[in-house]
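Inspection log for the structure reproduced underneath, given as structure tokens.
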Amino acid sequence: MQLGGPSWTVQLGRRDARTASLSTANAQIPMPTSSLSTLISMFSAKGLNAAEMTALSGSHTIGQSRCASFRNRVNNDTNIDSGFAATLRATCPASGGDGNLAPLDIQTPSQFDNKYYQNLEARRGLLQSDQELFNGGSQDSLVKSYSSDGEAFKRDFASAMVKMGNISPLTGNNSEIRRN
């Protein structure tokens, strides 16, 4: 809420793993170059529909990405605002600078709001996978809706977060309910 985001009730009693696996976690996260069909498929495999995927993608209204994740987009994609691409190339040259950072949301990188969707409408999505949400496909109308109605975005985001929190709950002795 400090950044302006919505709140939601977190269900208590969920079991957590006793250990974490970076490789397993990364294997289940879409790549920054994922197509819309891949995004929809990956979220669907977790029980989330395309609208929930689009709402959850709005989390990219905060945070940054490494140059290595968007270099190809700013140098080769055609569905990108030319001025935006030129600005990013100063941070992310054709080679080198892999760790250089750029905000996922160029308008308000430290606020949880609907500017991410406005960026997509202006062809200013940092990652190719972001811009796929507004690129002549099935999610265009929802992106437009969120772009103009920040409260609808926040409401749908909170609802999708609750649903995401219920994905594949752990059972048995390989997990624990944390008290702290």
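One-based numbering along the chain as shown.
Just so you know, glycine gets a Cβ as well, placed from its N, Cα and C.
Database features (TrEMBL):
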{"type": "DOMAIN", "residues": "1-180", "note": "domain 'Plant heme peroxidase family profile'"}
{"type": "BINDING", "residues": "Pro30", "note": "substrate binding site"}
{"type": "BINDING", "residues": "His60", "note": "heme b binding site"}
{"type": "BINDING", "residues": "Thr61, Asp105, Thr108, Asp113", "note": "Ca(2+) binding site"}
{"type": "DISULFID", "residues": "Cys67-Cys92", "note": "disulfide bond"}
Open item on the list: Counting across all protein chains present, how many other Cβ atoms fall within 10 Å of the Cβ of Asp105 (Ca(2+) binding site)?
Closed with: 26
- [ ] Measuring CA to CA, name the entry from the recorded positions Pro30, Cys67, Cys92, Asp105, Thr108 that ends up nearest His60 (heme b binding site).
- [x] Asp105
Task: Length of the line joining the Cα atoms of Cys92 (disulfide bond) and Pro30 (substrate binding site), in Å - done: 22
TODO: Using C-alpha atoms only, work out the spacing between Asp113 (Ca(2+) binding site) and Cys67 (disulfide bond) and round it to an integer in Å.
DONE: 24
Open item on the list: With an 8 Å cut-off on Cβ distance to the Thr61, Asp105, Thr108, Asp113 Cβ center, who else from the chain surrounds the Ca(2+) site?
Closed with: Ile62, Gln107, Pro109, Ser110, Gln111, Phe112, Asn114, Lys115, Tyr116
- [ ] By Cβ count within 10 Å, point out the most packed of the binding-site residues listed: Thr61, Thr108.
- [x] Thr61
TODO: Measure the Cβ-based neighbour count of Cys67 (disulfide bond), defined as the other Cβ atoms within 10 Å of its Cβ.
DONE: 19
Open item on the list: Return only the integer: C-alpha distance in Å from Asp105 (Ca(2+) binding site) to Pro30 (substrate binding site).
Closed with: 18
- [ ] Output the one of His60, Cys92, Asp113 that, of all these recorded positions, has the highest number of other Cβ atoms within 10 Å of its Cβ.
- [x] Cys92
TODO: For the residue listed as 'substrate binding site', just count the other CB atoms lying within 10 A of its CB, please.
DONE: 18
Open item on the list: Limited to the domain 'Plant heme peroxidase family profile' (1-180), I'd like the whole-number average of pLDDT.
Closed with: 91
Open item on the list: Taking only C-alpha atoms and a 10 A limit, tell me which of Thr61, Cys67, Thr108 are near the residue listed as 'substrate binding site'. These are the recorded positions.
Closed with: none
